[in-house]
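Database features, via Swiss-Prot:
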{"type": "ACT_SITE", "residues": "D133", "note": "active site, proton donor"}
{"type": "ACT_SITE", "residues": "E134", "note": "active site, proton acceptor"}
{"type": "ACT_SITE", "residues": "Y159", "note": "active site, proton acceptor"}
{"type": "BINDING", "residues": "G13, A14, A15, G16, F17, I18, A19", "note": "NAD(+) binding site"}
{"type": "BINDING", "residues": "T132", "note": "substrate binding site"}
{"type": "BINDING", "residues": "G391, K392, T393, G394, W395, I396, G397", "note": "NADP(+) binding site"}
Amino acid sequence: MASYTPKNILITGAAGFIASHVANRLIRSYPDYKIVVLDKLDYCSNLKNLNPSKHSPNFKFVKGDIASADLVNHLLITEGIDTIMHFAAQTHVDNSFGNSFEFTKNNIYGTHVLLEACKVTGQIRRFIHVSTDEVYGETDEDALVGNHEASQLLPTNPYSATKAGAEMLVMAYGRSYGLPVITTRGNNVYGPNQFPEKLIPKFILLAMRGQVLPIHGDGSNVRSYLYCEDVAEAFEVVLHKGEVGHVYNIGTKKERRVNDVAKDICKLFNMDPEANIKFVDNRPFNDQRYFLDDQKLKKLGWSERTTWEEGLKKTMDWYTQNPEWWGDVSGALLPHPRMLMMPGGRHFDGSEDNSLAATLSEKPSQTHMVVPSQRSNGTPQKPSLKFLIYGKTGWIGGLLGKICDKQGIAYEYGKGRLEDRSSLLQDIQSVKPTHVFNSAGVTGRPNVDWCESHKTETIRANVAGTLTLADVCREHGLLMMNFATGCIFEYDDKHPEGSGIGFKEEDTPNFTGSFYSKTKAMVEELLKEYDNVCTLRVRMPISSDLNNPRNFITKISRYNKVVNIPNSMTVLDELLPISIEMAKRNLKGIWNFTNPGVVSHNEILEMYRDYINPEFKWANFTLEEQAKVIVAPRSNNEMDASKLKKEFPELLSIKESLIKYAYGPNKKT
């Protein structure tokens, strides 16, 4: 068949292990090809993997996510892409059991976005989809013939299931829309630049440190290994000679038991295998064997060139010469890693071409990424802000995102659940924030009475979850801005109603009437032990959105009867931007996060009548009467906001702020 010659190639995931070797090879060997690489720089990606290509005129790097349809469409059109080599994926099987939705998002949804962009632009002449041998499922131990390309797909874990699902989409777009697709399924790959979550680099780094090599189970599992440069050559052959609509296995019939791999690495380091190999608990999802038929690709002229001994020696030499390539990876070297540690540097030593990224920063994107253009004077840039926000579906969390958009601050919402430490670690590794905002938690719907009958759920979110996030942030040197509550106090003899004497930050909570307040007081006390937390005591939050049912104005304007009692309150339109400024100033400790002074519930409703609805009427009842229609008592108090006022002298009193931010903009003429 005729050889295919591309012009402009988009390689996704090209800062990762295999794709970086492919990109570097094509850039080096084909100077007439323009290579655009797209990578979101996940934990197992590293821009240094592309160092050999960074000065090449036919190379361009773009930081971004394949799940962003706007970005992908923009790249295809503006770069004139005619060929896509799609490597980007979550690939570590172990992680897929703890966070399979992330694998679905990256591996299936991300692939779907690419395919749809190809369909819409109508300019793609080749779409090479990179899959895995694991889609075939486990091979019988006594099988003499490997899985050929027409074999049934029987994935056994969430990772391989998402790769098989992505393949189905690729095949469907090929048949339904005539997209010129080719799929590859590869054996295990090893060599330089690989993140040490995989067996060979993990064992090499452990051996370099003189530590034992942990083997899951009895070590009889069999794998086939190919050296990275041989695999890069295989993709070069598939690119130029592969036939549209076909699948190609990239494999070898040479198999090795995990035991033998460990022994060979011990031999390279002159270590006694008997003393330095330790058998640990097996993984329940550790398939015994993957075996491929490799004849189809060989007919195109490819064959592996690097022997096992030669490849292993090259790999060992590279890791011993580059021990800090990935930074602190001690967490990945554990026998059963709970979650990987933060990898090392992400940037080239010199400046990067951010021209395209800077252009894209002006366009809407799903990742809220703002990439500043490079300075021309060569002075080092102050690290830009990037917030990780928990509580996306909540009122405060949603408002924080809008403020960040307005101020041009990069941010992402956390995907993990607060009580799931591993998912929080993955968020931090993925987002790499400068600050973390926590507005997540349980307040109860429609009100805090819900917490009285859902106590374990309330503890899980408000106590265990908040403490877990604080601890993870502390481990990573991150300031956590924690939105707490001032509903942990009630008027008492030292702070009588109407006295103007408010509760200070150092005062001990005295309100235990509701289970919600108990959990918030408990977690606030425990958070005092964390020096990386800024606790913001919010009370009866109010905003300019008078249609929001969580707005205190909206709440009481819909009540049949209202208790008339003065309280401290928080006007979010004024105070949420202040919380962002507090993060910039790295303020810590406890802060009464309310406007100075108090306002009674009747005064709020009087303003509502005067500004919004002249016909509005309401009735009052006593605390005793209120107690008959609610499950748990409510907190009423005055907070002393002098500490916040001293830090932000422009802070308005509660009544001034209500008029400026809530009632004034909504005034009915």
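Heads up, the Cβ atoms here are built off N, Cα and C, so glycines get one too.
On the structure: features taken from Swiss-Prot.
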| residue | record | DSSP (3 states) |
| --- | --- | --- |
| G13 | NAD(+) binding site | coil |
| A19 | NAD(+) binding site | helix |
| D133 | active site, proton donor | helix |
| Y159 | active site, proton acceptor | helix |
| G391 | NADP(+) binding site | coil |
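The two recorded residues, K392 (NADP(+) binding site) and F17 (NAD(+) binding site), show a Cα separation of 33 Å. Closest to I18 (NAD(+) binding site) in space, going by CA atoms and restricting to the recorded positions E134, G391, W395, I396, is E134.
Cα separation, W395 (NADP(+) binding site) to Y159 (active site, proton acceptor), rounded: 34 Å. Between the CA atoms of G394 (NADP(+) binding site) and G13 (NAD(+) binding site) there is a gap of 33 Å, rounded to the nearest whole number. Listed in sequence order, the residues I389, G398, L399, L400, S439, A440 complete the 8 Å Cβ shell around the NADP(+) site centroid, once G391, K392, T393, G394, W395, I396, G397 themselves are left out. Comparing the binding-site residues G16, G391, G394 by how many other C-beta atoms lie within 10 angstroms of each C-beta, the top residue is G16. Within 10 Å of the C-beta atom of W395 (NADP(+) binding site) sit 18 other C-beta atoms, taking all shown protein chains into account.
Cβ neighbours of G397 (NADP(+) binding site) (same chain, under 8 Å, six or more residues apart in sequence): I389, Y390, G391, Y413, F437, S439, A440.
Listed in chain order, the extra residues whose Cβ falls within 8 Å of the Cβ center of the NAD(+) site residues G13, A14, A15, G16, F17, I18, A19 are I11, S20, H21, V22, A23, D39, S45, N49, F87, A88. Taking the Cα atom of each, A15 (NAD(+) binding site) and E134 (active site, proton acceptor) are about 23 angstrom apart. In this structure, the CA atom of F17 (NAD(+) binding site) is 17 Å away from the CA atom of the residue listed as 'active site, proton donor'.
Here the Cβ of I18 (NAD(+) binding site) has 23 other Cβ atoms within 10 Å, regardless of which shown protein chain they belong to.
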